[in-house]
Amino acid sequence: MHHQRILILDYGSQVTQLIARRVREAGVYSEIHPGDVDDAFVRDQAGQGLKGIILSGSHASAYAEDSLRVPAAVFELGVPVLGICYGMQSMAQQLGGTVSFSDHREFGYAEVRAHGHTRLLDGLADFTTPEGHGMLKVWMSHGDKVTALPPGFKVMASTPSCPIAGMADETRNFYAVQFHPEVTHTVQGKAMLARFVNEICGCQGDWNMPDYVSEAVARIREQVGSDEVILGLSGGVDSSVAAALIHKAIGDQLTCVFVDHGLLRLDEGKQVMQTFAENMGVKIIHVDATEQFMGKLAGQADPEAKRKIIGREFVEVFQAEAGKLKSAKWLAQGTIYPDVIESAGAKTGKATSIKSHHNVGGLPDTLNLQLLEPLRELFKDEVRELGVALGLPPQMVYRHPFPGPGLGVRILGEVKQEFADLLRRADAIFIDELRSTIDETSGKSWYDLTSQAFAVFLPVKSVGVMGDGRTYEYVVALRAVQTFDFMTADWAPLPHALLARVSSRIINEVRGINRVVYDVSSKPPATIEWE
């Protein structure tokens, strides 16, 4: 089945994924592709339910001679087009307008005046001036600007320093804005994008999870047939939902391999086995490889070295178990859409690696198995929605993100069994208190009010006093952040009473720790994880 779809061409903006998420929130399927695709690719999309095209922003300058150009077919297909920031400038330049370098750059909050009545902005305003002008609170991020309209266009929005902050050719359904409607700082942005895809593009909103489950199950059955499938189950959201979906489609043809590297959270192995093996009847091979991983990590203090060791050992253990399943023809992975986008970005040189990612991407070549990725079209929030639809426990589906190397990157320096045991218990206390403490204003638990929370083990000792005696024990740091997209994050303002309870419990219940600190660093400049 071809869903109605919106094609998003990415020119390197850091927030392009947010465009796709906003479109999907409007009930419309969207796909992101690099902005340098050719005309043939764009025309081919027309036969696959294409209803409109969105051109993303970019850190590059449309004014530069070597800047990427929008494929000409975009403006020839007869479908509505929305240009955002760089996308607006490229649209203007290629359709006969003028783009100029601006001495006055706009970065951050701005107030934009809407002009005339266009289908995109009509009736949308955050406030009205005494003169009766509708004003929009938006987020700008540009240096260049459009200084002359292409033929057939009219001004749709303006600011004092950017007279053409939006333009429209409503005969051809071409719209463009200099600001970013995809970010939350643009108050009416979600409404603008929903209006573009639903009213201007005429999409019917045929993208929903119940239909997706039925389609995905049918697709897996057709793809796999009677073959057997193996999947590396980590207990994380992505692999868990992938396992549940594949099991729903092919039942006992699926075998999961659960590798316990000794760096999981408290009782995580038991919970995974109970949920999948006991409650859902999934075939699982449970491998306790704690000694193997700890042995290889001994003496290693460098974060990147630890990540690579854990990734390599996981591949080795998984490979050994998979080799015993002679009839398996497919390797399933919990790859999700952001992974696909980031991989494409890396291939085109648009992505920069901050940390190596722990996954099983190298396995298909070594095992000679075909790859099955049933979640590769979904964003994380959609994966969670799918998990609930498949009957997974909400506590598992809405669990905070957990790194593939596990506690290995939450123990600073060398990983030791003693450190992992102390950290596991301290982390469990922190999470328990977050879940049980309700914020009176929102009525939600502080676990639900934070995007990610965990404890970090610091391999340093501090002096303390317990009873009449002096102690010299380890330090634990607590980290809790709030974020919308994990690209930026603020430290969570946890109540002092909550922090006091967590500190008291850890110091009293976890022998070996006598000091607890709270991390108040935002991202950037800090990252969310410490390593």
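Cβ atoms here come from the backbone N, Cα and C positions, even for glycine.
According to Swiss-Prot, the domain 'Glutamine amidotransferase type-1' annotation covers 5-206. Annotated active site, nucleophile per Swiss-Prot: CYS85, in sequence order. Residues annotated as active site in Swiss-Prot, with sequence analysis given as evidence: HIS180, GLU182. Summarising the annotation, Swiss-Prot assigns domain 'GMPS ATP-PPase' to 207-399. What Swiss-Prot records for SER234, GLY235, GLY236, VAL237, ASP238, SER239, SER240 is ATP binding site, and it gives sequence analysis as the kind of evidence.
Taken residue by residue with DSSP, SER234 (ATP binding site) is part of neither helix nor strand, so it is coil. The most densely surrounded of the recorded positions CYS85, VAL237, judged by C-beta neighbours within 10 angstroms, is CYS85.
Within 8 A of the CB centroid of the ATP site residues SER234, GLY235, GLY236, VAL237, ASP238, SER239, SER240, the other residues of that chain are LEU233, VAL241, ALA242, GLY334. For the domain 'GMPS ATP-PPase' (207-399), the mean pLDDT of the prediction comes to 86. In this structure the alpha carbons, written CA, of GLY235 (ATP binding site) and GLU182 (active site) are 32 Å apart. When secondary structure is read from DSSP and collapsed to three states, SER240 (ATP binding site) falls in the helix class.
Long-range Cβ neighbours of ASP238 (ATP binding site) (same chain, at least 6 residues apart, Cβ-Cβ under 8 Å): GLY334, THR335, ILE336, LEU375, LYS380, VAL383. Listed in sequence order, LEU233, SER234, VAL272, THR275, PHE276, GLY334, GLY387, LEU392, MET396, VAL397 are the same-chain residues six or more apart from SER240 (ATP binding site) with CB atoms under 8 A from its CB.
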